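Features reported for this protein in TrEMBL:
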- B:Ser159: active site, nucleophile (ACT_SITE)
- B:Asp325: active site (ACT_SITE)
- B:His358: active site (ACT_SITE)
- B:Arg230, B:Asp359: substrate binding site (BINDING)
- B:49-363: domain 'AB hydrolase-1' (DOMAIN)
Number of protein chains: 2
Amino acid sequence: MSQAATPLPQFTHAQSLYAEGLALDCGAVVAPLAVAWRGYGRLNAERSNAILICHALTGDQYVAEPHPVTGKPGWWENIVGPGKPIDTDRFYVVCANVLGGCMGSSGPPEEMTDAEGRGQGRPWGTEFPSVTIRDMVRAQKKLMDELGIIRWLAVVGGSMGGMQVLEWAATYPDAVFAAAPIACAAHHSAQNIAFHEVGRAAIHGDPDWKGGRYWEDAGRIPARGLAVARMVAHITYLSEQALTRKFGRRLRGASALTFLEDVFEVESYLRHQGSTFIRRFDANSYLTITRAMDFFDLAAEQGGDLAAVFRGTPTRFFVASFSSDWLFPTSESRALVRALNAAAANVSFVEIASDKGHDAFLLDEPDFHRALGGFLRGAAERVGV
Amino acid sequence: MSQAATPLPQFTHAQSLYAEGLALDCGAVVAPLAVAWRGYGRLNAERSNAILICHALTGDQYVAEPHPVTGKPGWWENIVGPGKPIDTDRFYVVCANVLGGCMGSSGPPEEMTDAEGRGQGRPWGTEFPSVTIRDMVRAQKKLMDELGIIRWLAVVGGSMGGMQVLEWAATYPDAVFAAAPIACAAHHSAQNIAFHEVGRAAIHGDPDWKGGRYWEDAGRIPARGLAVARMVAHITYLSEQALTRKFGRRLRGASALTFLEDVFEVESYLRHQGSTFIRRFDANSYLTITRAMDFFDLAAEQGGDLAAVFRGTPTRFFVASFSSDWLFPTSESRALVRALNAAAANVSFVEIASDKGHDAFLLDEPDFHRALGGFLRGAAERVGV
């Protein structure tokens, strides 16, 4: 919690605790506030080379190293690392598990505390307060202060990570030199809210959810509901082209007309996605975080005037979308760019031609990697990093 | 079962039984075969004015009269009736509940029979054989024969109804003077299969489904799973524009940040849709019928050559799509039209400008109604009706 942290060693990680807690938009206070995070690279003496990465709905802080639960590679290893677009030889890269998450930051699976911060001997569960994207950003600001960083060289993120990037630039404009909101929007659409609602209904409908108190039954979790939630979300992450190319109408095995069997490749794939996900994600966190996304509407406090949110901003922006992304379509990035232009902001925009859908921001898209890397190098040169 | 039926009175309805049963694509035989149906208008002496309407996934035979379970108006009353585009003053209109359905035709909730047609004293449930769209059409053909109709003036349907229309024209070309496949495709896409799979997973995951034997527990049905299935399907029926216009980001009531509450209008709407649906639909039928749609691939037996399916067809076609339909996008109707052109078929095509999504085929779309009505009048004049 010191404001004068020493330069941090490579591969730093910690669960930082802030005794004073965090006051949330809903009025509740979470105290102490826990922020679990990972750092890659080395913070320079001027503390001017720090890049914050904000993760998406089901991401976490394990950006560029194997995941401790699944053992799979970090979720953005193709972008973050030595010599990569987010170059850890040059930049100090930080990623924190979001508030409301389930990888060590304060959230539904963590121990519940009372108003004085005393542990209650059981998880928060559904009694964890409602959080907003801005609450997530405020929690990250605590970590920033602890690290003694005055201004992020850049804040970067895709999907819900991009919502946090926008919220960072809106709430703490002087703390963000460059911002890269990717494959996102300034508000969550009705269709996206509706798909989230299906996922939540699936979790609520699973009797193993037990009104959110599944932690009372050691080992039992609402696995079926969470898997269905993941399945429907996963479809929205892929384009029709990507689904067709990967699975098309190929039948599995010969007995094409067996009732209730795994017949189409796509079904088996989705079932697999659903079942690995439940091992690493908490159902109540899924409810909390999807709700935060659904509430996101950056211009709401300005009566819908998005340009007013960014008027006079010192931040430079890099907005990127993907042509086949139908969850956060290019039209929504264009609306954001129009607002930034109207606010006289420094903004560049690129639509990447890709048939991989929303997931493209996580995948091997060389044009995207080149554009993002170039933007960050330009920002670094500006501040002399 | 007589081939020499007398002219039928207005508002005829029946559950026709065919003792010889029906041999299905999967090799099973359902005997006796039940086909529940409704008729509107009057069959003329030449039996030349009959129009068959094929219903969609969750539709049924109650096209133009109140539904016996919900009391709501018939699902196509704005198109079918006296003086309407499908004019019951001029045409005799027939609609049968599909094979595998749950409104009286042979299907999972009906009494199981053995190979000799003897009742087993319990429903088929998941032991009802796997059916195809072609099986559905073959069952309707039994009804056609019973009514003494040699050729339908037209076969008309949207969505899965359109799949049946195409299958009718492919399987019984001489029995179909005119065909109107609406908002459909010649095969089911990977994305559509994936959305169906989510719905099925939600049903399978509901413990009240009991492996399909929920009928053993009087009164208990897999309501939550079926509701989630309906919710996800319903989103695919609407366009983003329609969802936004109807519900947008309007919050319900004041407490916008209450955890796990009905907050967004869209959520409440979807929950309502899910809950009325379960009163009238059977979960095992939902599994059976979605699977039939997923298997639909009209060109499969021709090695993917859709034109070969229709080469030399005597049927005249009217293909219609809706601009904001992303479940069965216009591109798939265009592919169908290209194949029909390549087969030298008589085909007209219209894309209706609408922002109502797939559901548009059921809604008040005057341009569509005019185009369909005109096509049917033209066909009627050709055959002198």
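We number each residue from 1, going along the chain as drawn.
Backbone N, Cα and C atoms are what each Cβ position is placed from, and that goes for glycine too.
Curation plays no part in TrEMBL annotations; they are all automatic predictions.
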Residue among the recorded positions B:Asp325, B:Asp359 whose Cβ has the most other Cβ atoms within 10 Å:
B:Asp325
Just the number: how many Å between the Cα atoms of B:Arg230 (substrate binding site) and B:Asp325 (active site)?
18
Counting other CB atoms within 10 A of each CB, which of the recorded positions B:Ser159, B:Arg230, B:His358 comes out lowest?
B:Arg230
Between B:His358 (active site) and B:Asp325 (active site), what is the CA-CA distance rounded to a whole number of Å?
4
Tell me the Cα distance separating the residue listed as 'active site, nucleophile' from B:Asp325 (active site), rounded to the nearest angstrom.
11
Do you know offhand how many angstrom separate the residue listed as 'active site, nucleophile' and B:Asp359 (substrate binding site) by C-alpha?
9
Per DSSP, the residue listed as 'active site, nucleophile' is which: helix, strand or coil?
coil
For B:Asp325 (active site), the three-state class that DSSP assigns:
coil
